[in-house]
Amino acid sequence: MYKLIIRPIFFIFDPEKIHHFTFSLVKFLSKIPFIPSLFRGLYQVNDKKLERNLFGLTFKNPVGLAAGFDKNAVLYNELADFGFGFVEIGTVTPKGQAGNPKKRLFRLKDDQGIINRMGFNNEGLATAIEQLKKNKGKIILGGNIGKNTNTAPEDYTEDYVECFKGLHPYVDYFVLNVSCPNVGSHAKLDDVDYLKELITEVQKLNNQESVQRPILLKIAPDLNNQQLDEIIELVAETKIDGVIASNTSVNREGLKASKERLEEIGNGGLSGQPVKERSTKVIKYLADNSNKAFPIIGVGGIHSEKDALEKLDAGADLVQIYTGFIYEGPSLVKRINKAILAKS
Ligand SMILES: Cc1cc2nc3c(=O)[nH]c(=O)nc-3n(C[C@H](O)[C@H](O)[C@H](O)COP(=O)(O)O)c2cc1C
């Protein structure tokens, strides 16, 4: 029904407008008494065998919604009814910011991909906290945090620290997003020495809290093997709890979209089917070359149950979807969970 009726209608309209429309629609529908249980009946797969225990948390199933979908933490309670094992909110920055000028979100239909240069558009930490106070406790929540675009390099750490402190009471795990290609100069966030400093600072704060939250690092799919070796070393040294691989890509190789179309779109992060293989390779490299020393959340181009199983086989402990959710609809979550069950 989604691919046959809903998607063709949605895809007539501007992607960003449809994103907001879908949010309003799901919010509205979820207020009708029987609808949430209808969604649960349609999309949830409840089976103990799907449970995953990772960094001290019990995930009902290993399929999560990736960051960037619910940036302001306004829909996670409703999204819990769609069968996810966890939802990652954000990226949240200390101050609200508009992000890059529109248009900034583009579908590549022939490639089953998306290019976005949203630029961390979000309403900021205070608004996210207000939304998180409404948590009905139905699902594990990740808090994906970043820096404001106009923050000076010497203040980057302060931005992450502020978000970490603010969200600590409200989320179950944290993600330090250091790999978004859309937020200006990236030199410092690519520097492993700086990442060590950042992670250490956030861990120091974590240790001062009565409860310690797992902290993960989200990396780009465009890192070469030497950079991935550095990430493995960084995880070993800092003992950060895990890695999310991966974010969107700046690479445009092998796309069906014409050169003219890509030029017209311009800069941005590519997601969906075109990043699938690269992201799986990154996961496999990290798992094999660290002797599977740390948990990995695998994300990038999962549009089918087969794609998800490939990520798990490559060494991912959990998976996340974003672009596949747009192209395939909510039944994808159920299909993946069923496939994982069938294999267990
Ligand atoms: C429109 C859009 C916005 C995104 N925003 C964020 C974000 O704010 N923070 C983040 O860590 N990742 C963000 N991502 C990246 C996704 O979380 C994911 O890592 C990436 O899209 C690859 O997965 P996919 O192929 O399933 O989409 C965004 C992706 C898209 C398509």
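Any Cβ shown, glycine's included, is placed from N, Cα and C.
The shown structure was predicted, so the numbers you read here are calculated from the model rather than taken from an experiment.
As recorded in TrEMBL, the features of this protein are as follows:
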- 50-340: domain 'Dihydroorotate dehydrogenase catalytic' (DOMAIN)
- Ala67, Gly68, Phe69, Asp70, Lys71, Thr91, Asn144, Asn177, Lys218, Ser246, Gly272, Gly301, Tyr322, Thr323: FMN binding site (BINDING)
- Lys71, Asn116, Arg117, Met118, Gly119, Phe120, Asn177, Asn182, Asn247, Thr248: substrate binding site (BINDING)
- Cys180: active site, nucleophile (ACT_SITE)
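Annotated features, which come from TrEMBL, shown on the structure.
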residue: Ala67; record: FMN binding site; Cβ contacts under 8 Å, 6 or more apart: Glu88, Ile89, Gly90, Thr91, Gly142, Asn144, Val175, Asn177, Lys218, Gln320, Tyr322
residue: Phe69; record: FMN binding site; Cβ contacts under 8 Å, 6 or more apart: Tyr322, Phe325
residue: Lys71; record: FMN binding site; Cβ contacts under 8 Å, 6 or more apart: Ile89, Gly90, Thr91, Val92, Asn121, Asn122
residue: Arg117; record: substrate binding site; Cβ contacts under 8 Å, 6 or more apart: Asn100, Arg104, Pro181, Asn182, Gly266, Asn267, Gly268, Gly269
residue: Asn247; record: substrate binding site; Cβ contacts under 8 Å, 6 or more apart: Asn177, Ser179, Cys180, Pro181, Lys218, Ile219, Ala220, Pro221, Gly269
residue: Gly272; record: FMN binding site; Cβ contacts under 8 Å, 6 or more apart: Leu108, Asp111, Gln112, Gly113, Ile114, Gly301, His303, Thr323, Gly324, Tyr327
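All protein chains shown were included, and the count of other CB atoms within 10 Å of the CB of Gly119 (substrate binding site) stands at 19. Taking every pair among Lys71, Asn116, Arg117, Met118, Gly119, Phe120, Asn177, Asn182, Asn247, Thr248, the residues recorded as binding substrate, the greatest CA to CA distance is 16 Å. With a cut-off of 6 Å between Cβ and the nearest atom of ligand 1, the binding-site residues Arg117, Asn177, Lys218, Gly272 reduce to Asn177, Lys218, Gly272. Residues Ala67, Gly68, Phe69, Asp70, Lys71, Thr91, Asn144, Asn177, Lys218, Ser246, Gly272, Gly301, Tyr322, Thr323, recorded as contacting FMN, have a largest CA-CA distance of 20 Å.
In this structure, Tyr322 is the one among the binding-site residues Asn144, Asn177, Tyr322 with the smallest number of other Cβ atoms inside 10 Å of its Cβ. Using a 10 Å radius centred on the Cβ of Cys180 (active site, nucleophile) and all shown protein chains, the other Cβ atoms total 26.
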